[in-house]
Amino acid sequence: LKGTMENHTKVTEFILVGFQSHPGLQVLLSVLFSTVYVVIVVGNSGMILIIRMDSKLHTPMYFFLENLSMLDIFYSSVIIPKAALTFSLGRGIISYNGCASQMFFFSLFGTTEAFFLAVMAYDRFSAICNPLLYQVTMNKRFCICLLVGSYLSGCINCTIQTGFTFSLSFCGPKEINHFFCDVPAVMHVSCSDTFVNEIVMLSVCGSIIVSTALVVFISYGYIITTIIQMPSAESRHKAFSTCSSHMLAVCLFFGTVFFMYAQPGATSSPYKSNIISILYTTVIPMLNPFIYTLRNKDVKEALKKLLKRK
């Protein structure tokens with residue numbers, strides 16, 4: 001692959017110019033991104049610490065939640081520090097290989113997150129719809145298999161996306177109209193015909209989004225039906241409170257990703273896609289710990305215990 005890449009390319013670096021047309025916005029965005037990054041790292045590390053320290057939280061649901069927090073730290077670390085630097089300097093130079101590796105890891109963690117959310121929906125489905133079999137179904141080995149499977153699926157997608165994108169020729173304008181090396185934005189500056197790539201991106205991303213979203217919606221269809229049929233209001237409330245935070249995170253993630261990748265002409269409006277990208281690269285990883293902590297009684301109790309101990 002590397003040999004063909006070198007034959008194709010004359011460009012050794014790219015210039016990231018996301019939001020460059022608004023100079024006053026640059027400093028504000030730099031401060032905003034840096035602050036958000038600190039919140040993401042602290043919030044998600046806090047979540048991991050709470051889950052590790054409290055034996056009551058050593059259940060499949062929190063095992064996945066701990067791994068989601070870890071994933072969110074990786075995911076945002078690929079994008080935000082470089083973006084904050086780009087904004088503070090006014091323009092960001094990124095090497096050809098740096099751009100390829102940023103795309104690879106962003107695609108890996110982003111895809112894995114979609115599979116994680118599907119796995120977490122299935123976990124809630126097992127807990128609420130088949131409570132007697134829950135411990136047997138969601139045993140430790142199966143949970144680890146689901147985790148590894150999510151990362152492997154992410155690996156397959158990012159290899160396809162990065163491989164296809166960087167097999168294109170880049171001979172002319174080096175300016176990427178984005179604040180990171182996203183697939184549509186990099187494709188846009190290629191001097192090859194990108195029709196096949198757009199079809200590949202649409203079909204691969206589309207099938208991932210549709211399949212993971214289907215698992216989520218079918219699981220929640222069963223969950224909601226089961227909750228409605230519960231005899232007491234208290235059990236309905238308890239069941240719903242364990243799902244509501246996950247439902248909120250799912251709607252945020254799939255809503256923005258669907259808007260971004262699963263529609264034809266996703267490469268056509270750079271400014272619009274830059275705005276939406278801010279949502280899923282910074283806002284969602286920042287909100288996840290808050291969504292799961294504030295809506296969750298077990299986590300709140302574990303946090304109180306941890307603070308008392310301190």
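Each Cβ is built from the backbone N, Cα and C atoms, and glycine gets one as well.
Unlike curated entries, TrEMBL annotations are predicted automatically.
Feature annotation from TrEMBL assigns domain 'G-protein coupled receptors family 1 profile' to 43-292.
Distant neighbours of the transmembrane segment (27-51): 19, 57-58, 62, 65-66, 69-70, 72-73, 76-77, 80-81, 83-85, 87-88, 282-283, 285-286, 288-290, 292-293, 299, 302-303, 306; these residues of the same chain sit at least 6 beyond its ends, with a Cβ under 8 Å from one of its Cβ atoms. The transmembrane segment annotation in TrEMBL covers 27-51 (among others).
Residues or ranges marked as transmembrane segment by TrEMBL: 63-84 (among others).
What TrEMBL lists as transmembrane segment is 104-122 (among others).
Sequence annotations record features per position, and here TrEMBL assigns transmembrane segment to 142-164 (among others). For the transmembrane segment (142-164), the residues of the chain that approach it from at least six positions outside its boundaries are 1, 60, 63-64, 67, 100, 103-112, 115-116, 119, 122, 183, 196-197, 200-201, 204-205, 208, judged by C-beta separation under 8 angstroms.
TrEMBL lists 199-224 (among others) with the feature transmembrane segment.
Feature annotation from TrEMBL assigns transmembrane segment to 245-263 (among others). Away from its own ends, the transmembrane segment (245-263) comes close to residues 110, 113-114, 117, 120-121, 124, 183-184, 201-202, 205-206, 209-210, 212-213, 216, 220, 273, 276-277, 279-280, 283-284, 287-288, 291-292, 294-296 of its chain (Cβ-Cβ under 8 Å, at least six residues beyond either end).
Feature annotation from TrEMBL assigns transmembrane segment to 275-294 (among others).
The largest share of C-beta pairs under 8 angstroms with the transmembrane segment (199-224) comes from 104-122, of the ranges 63-84, 104-122, 275-294.
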